[in-house]
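Q: Annotations per TrEMBL:
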ACT_SITE  206  active site, charge relay system
ACT_SITE  263  active site, charge relay system
ACT_SITE  644  active site, charge relay system
DOMAIN    1039-1102  domain 'SLH'
DOMAIN    1103-1161  domain 'SLH'
DOMAIN    1167-1228  domain 'SLH'
């Protein structure tokens, strides 16, 4: 992996300038001061300058009418030496070969979808000359340049949080500019209509996407036909394309930090960021992102863009976002247009950022003549056309929010700045000279102490100045001399020998033999970064330093570009044990450095703003670890401006429409264009003059219809009114006869919505005669038949084929209709209706002869009265039958609910055995003392209502003698629940993709609870400490763990793979698990909470665990469950590395929490197997013995002895193994 930064072009320009002076041929023009790259093919391997900053800017141009210029504002417009040729269908293979030979063309690759070929040719002709030659050939249908495209983004501004004005504009101030209320796409209003949508994949054809970003993880498409095994499983020509493809680098890594893949990450967040109470949220909750990277530091080509479009189309993608482009010029990109048209997808394209009229100076691809392209301009938060945005009354369709848009950005906070290996070498990704003077000496002292180099008359240090000061760079030797002196390595006091060796540019430094006498070598490169022909650390330097380290020497390397040009060398990756991740590439990103692992608790400060050329380095391999991290501004979210930011708003709307309706791409585009909000600034500037509006596209306000409830025996049906968009939940009022029907009639003059979701009952775009299922709270199956469209006065008919299970319904009052769809079991919401006439009481029930249940009072929405409890005799028999059993079983499988008197519950608790309650829809296993029943309660009711085949509402309610009902919301101990799995879902349950989810009322989302499937009984079992609504849903696919490249052959490999495959633990990014990296106390607490699925309210009474920290909830939940304690009453020490004995105590506390562990019988006897048993703290001995007895935490063995190693820092591998062992104990 090569480092990319803008110094290279300055270096190239300087070299060209020197050559010009020597040969007196090339005059230096002022334009050379700009950083303008040649076309990629002309660059040497040492010049890999990142143009990420340039690629984010708009550009102007002037060119003749006959050709597109070779460069646009210093950026190549197309690839020199390449053309894309489409032969006529009449040309046979020999004729094609003849043409290629005649013009010196060789095929680089096929361009699918358009039937063309990308060809290369020698330097004898320009692209335009080659086009002229080929156009004259009768067998050539079309020829064009291989255009280069760049992201359509304007330079980003500083990051802030929570300001998504494009979704909901309240007039808030964004980036110093006050907005105008309701200049937005009305997302929150529309989201009421978009819950429970089917999944839609949106291809982000762009730079790469950080797929592990917290707001994108779980929203990334996973190729169902591919596994990570080095094979092309789906036979599409791409190996291991698990999440998409990188056409720019031609590999499966869809995110490359070194390429600066910020643009695609930002775009993806605007479309689909998770609604997870952190960061930002995307437009479309139903989207999975397919990252297709085709552009990078040097832009992207036509051929790669076509390949990406073809890939998406082959996978059935219906929407793509394309925030890239460039001026079309005289040669229209006709082959790209054909590929877009043939794809059949909604192709959302940014209009461009040149502030120009696309009608007179077309932009590509937004201006290409394909009917499935929708071109998008940018609007600011005041409703004005953004100053940078292109426009066009005939070529730009709509406007969307595009200025100061906050979205996801690749994470840089707390990235590794320094790595040590085996306490023998330390490499810093920055120059020591950039720190404050005080911290220069403090850090140097800490590093030398780590390496075991202490001041004294027998200590010698070699200071190597490889900073190329002879070439004009700063000489930092005095900085290092002073730092060593202040650190105590001064010549007079300690009499430490410090020798200095200066190395000139293009010359290698001291040999291994010259370095060998020294205890340590400090090699610094200052501001230098080599030349066109050599790296700062030459091949000879690398060889000599490798030999020096092999002989036991200690090495420190520091400098912002010390590793420049050798990032992928064996010296860096193996000898130094690190991986170069990226160059920061943004000045002032960091302000401080924080120590971790061996340097935990230390902090250091940059003397000014941090250099943009500092490196992020990660440990690689055994013995390597991070010792220091960059800290400062968290760049996980950033404001960007550009039509690139406007386009993803439209892509999100498109995805929602494609999920709701059976629309073609052009139909969806027309709906988006017609449903927007008129905006004066766009009048005459776009085709529609409208700002896109999600709410208008998916729904308009529904007039209140009337609802009629009747049955065959009711002469005069009762009439009800429905009010939509309510949040109350209750039961559906129904009669007690076997068949009832509800008819919803929309009165004349009603404006029907474009779509009404399940919570309002789906009515549009369903063919005549079709039917679908809706499930009420009490299990009635409702079918509906509706016409294709419903005009004024249309109606929806719903038939209930099973009577509602409501006790004693009275006639007048407010009730709630709760609706879900059976095909996609996601809670939709409810709709209230009230009785306006009286129903025949003989039919409804609840009183005799027209009396009884009548009256005019409001209805209590909970069923009045109480369930008849099981008799004392039934309980006594159950207890007596359990004499030889580990559990007491109560069989109530013929009913939806049952009840126990508090006396019976006490008798069951006194048995000391778990109580198994079998209901029709669920089985509960209650450990003794699980229920904390409110005082004064007479009985406890338990119910399991099926809201369809896959959704269950579980309740436990205490009832007082006066009928007052008190829901029991939390349990003192977890209750085990077993639910039936529908036959059509059992295959998914067996392969582990079907899991139990609970409905979180606060976030209105389903959260994964896990669960264990039993194929014999066809049931799934899970544990919970609270009841609510539960659903059996297909969990998000978990990537295979083969991506961990650093665990092959590791002793814990199988356990790590198991834990990762089941979602219990994650990797560290970049395909690494880092098995030998130490774990902090907070990290291990979070792992435990995840494995145990703890949902307790977070309570963390520690002064060092604050609500804004990532670990606050995990630590709080673990503390509330009694699993963890602090190192003192007020301190938890979350960032301290956890020891093996601390880990043992936490694991035992977790097992006790689950109620499946007993105290050890012989602590001392068990611990006697460990030679270091006396080092185990008294408070940890019981736990150590328990885990040793159960073989959950074994000691560390040598040839003859076994140590428990209580104070050793636990590694990620050890944590994975002991957690897996704990899971096995829980499942026994």
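Residue numbering: from 1, along the chain as shown.
Cβ from N, Cα, C; glycine included.
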Q: To the nearest Å, how far is the Cα of residue 206 (active site, charge relay system) from the Cα of residue 263 (active site, charge relay system)?
A: 7
Q: Suppose we draw a 10 Å sphere around the Cβ of residue 206 (active site, charge relay system). How many other Cβ atoms does it contain, all chains included?
A: 31
Q: Using a 10 Å radius around each Cβ and counting other Cβ atoms from all shown chains, which of the active-site residues 263, 644 yields the largest count?
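A: Per the Cβ count, the most surrounded site is 644.
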Q: DSSP on residue 206 (active site, charge relay system), three-state: which is it?
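A: Residue 206 (active site, charge relay system) sits in a strand per DSSP.
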Q: Look up residue 644 (active site, charge relay system) in the DSSP assignment and reduce it to helix, strand or coil.
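A: DSSP call for residue 644 (active site, charge relay system): helix.
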Q: Measuring Cα to Cα, how far is residue 644 (active site, charge relay system) from residue 263 (active site, charge relay system) in Å?
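A: With distance taken Cα to Cα, residue 263 (active site, charge relay system) is 8 Å from residue 644 (active site, charge relay system).
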Q: Just to be sure I understand, if DSSP states are collapsed into helix, strand and coil, how many residues of the domain 'SLH' (1167-1228) fall in each?
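A: DSSP classes over the domain 'SLH' (1167-1228) add up to 31 helix, 6 strand, 25 coil.
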Q: Could you tell me how many residues in the domain 'SLH' (1103-1161) are helical, how many are strand and how many are coil under DSSP?
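A: Helix, strand and coil residues of the domain 'SLH' (1103-1161) number 23 helix, 2 strand, 34 coil.
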Q: DSSP says what for the domain 'SLH' (1039-1102): how many helix, strand, coil residues?
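A: Summed by class, the stretch gives 24 helix, 4 strand, 36 coil.
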Q: So what's the mean pLDDT when you look at the domain 'SLH' (1039-1102)?
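A: Residues in the domain 'SLH' (1039-1102) carry a mean pLDDT of 79 in this prediction.
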